[in-house]
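Next up is a structure, given as structure tokens.
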């Protein structure tokens, strides 16, 4: 009798995706982050579902409903902080996952890469809407500033913003629709993740060497399931340390003040994981130019496969490209720091230089390094 996991129509799909999947024998811990993102997504959906049971999406009660969750609901405080800090963990894993794709040339799997970019945009949209829901000062003003960026679109901009707001300012209609979208988007993300995996399993995983590993595969279970469990344990440990010891470390104190349309906070800034894009937006004095730079800072990932000039896929054996990659990482950290600083003398110029460097490294330096390294191969 055939094993049920190989014959049952449903279990067979799971078997081919997570158990008998042929995986390269040499993939490192950088390949753990895909499964960690899956765990983060499931955690966010579960905690979010429980929060939605007690949350009310009305401007008069939203803030107090979040307070009620933390004070009166059994274990409400831990569910709320797991959800808030779980988002931070999600983005840490997401950035590392994208970085690993860049470093090892995984972007040559075009369908997988493009679905990944759509996923990145969707997750960012979901996180932004989630930040608006507690209806604190930063929620309200963050929503006002970011949605207002659409008014930079010529001709239809103002109408578009008012259509999204459902009125002439961020108000009850905006909060209600943001809650509806914030609830539905994770399930759309889940569907996209399945498509992402479907395309990945068409080609098989990449590996650190960047060369085909068809002749040297091992089953996913038990080798990589055990390896992934170690990643899960480390992720959950870090998340619990954050939640139980300093749950507000990554949040903004202004969000503990109820939203007040008549009082603007001194520094409006998004959550830490959007600061790099926010810094790029602020570094351009023109509104439309800033919005375009903001969108391109993420969308630039889509043209990276076209900018690949090297004869080698991975950066493992390409020291010049490695230098450019780590310079890019340092530049993104600089942008993240600048995004959280006030708009005044030293920070403005640092932000502008870091923004120029960001686009230069991707569009100019990495392709040139690839060509130089191709010449090294002739020696």
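Backbone N, Cα and C define each Cβ position, glycine as well.
Below, the features straight out of Swiss-Prot:
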- 83, 182: heme b b562 binding site (BINDING)
- 97, 196: heme b b566 binding site (BINDING)
- 201: ubiquinone binding site (BINDING)
- 33-53: transmembrane segment (TRANSMEM)
- 77-98: transmembrane segment (TRANSMEM)
- 113-133: transmembrane segment (TRANSMEM)
- 178-198: transmembrane segment (TRANSMEM)
- 226-246: transmembrane segment (TRANSMEM)
- 288-308: transmembrane segment (TRANSMEM)
- 320-340: transmembrane segment (TRANSMEM)
- 347-367: transmembrane segment (TRANSMEM)
Under 8 Å between C-beta atoms and at least six residues away from its ends: which parts of the chain pack against the transmembrane segment (288-308)?
98, 102, 105, 107-108, 110, 113-114, 117, 120-121, 124, 149-150, 152-154, 276-278, 280-282, 355, 358-359, 362-363, 366-367, 370
When the Cα of the residue listed as 'ubiquinone binding site' is compared with the Cα of each of the binding-site residues 83, 97, 182, which one is closest?
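Nearest candidate: 97.
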At least three Cβ pairs under 8 Å linking the transmembrane segment (33-53) and the transmembrane segment (178-198), pairs spaced 6 or more in sequence?
yes
Mind giving me a neighbour count for residue 182 (heme b b562 binding site)? Other Cβ atoms within 10 Å of its Cβ, every protein chain shown.
21
Take the C-beta pairs under 8 A between the transmembrane segment (77-98) and each of 113-133, 178-198, 226-246. Which stretch has the highest count?
226-246
I'm trying to understand the geometry here, so how far is the Cα atom of residue 97 (heme b b566 binding site) from the Cα atom of residue 83 (heme b b562 binding site), in Å to the nearest whole number?
20
What are the non-local neighbours of residue 83 (heme b b562 binding site), defined as same-chain residues 6+ apart in sequence with CB under 8 A from its CB?
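The list for residue 83 (heme b b562 binding site) reads 44, 47, 48, 51, given in order along the sequence.
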Between the Cα atoms of residue 196 (heme b b566 binding site) and residue 182 (heme b b562 binding site), find the distance and write it as a whole number of Å.
21
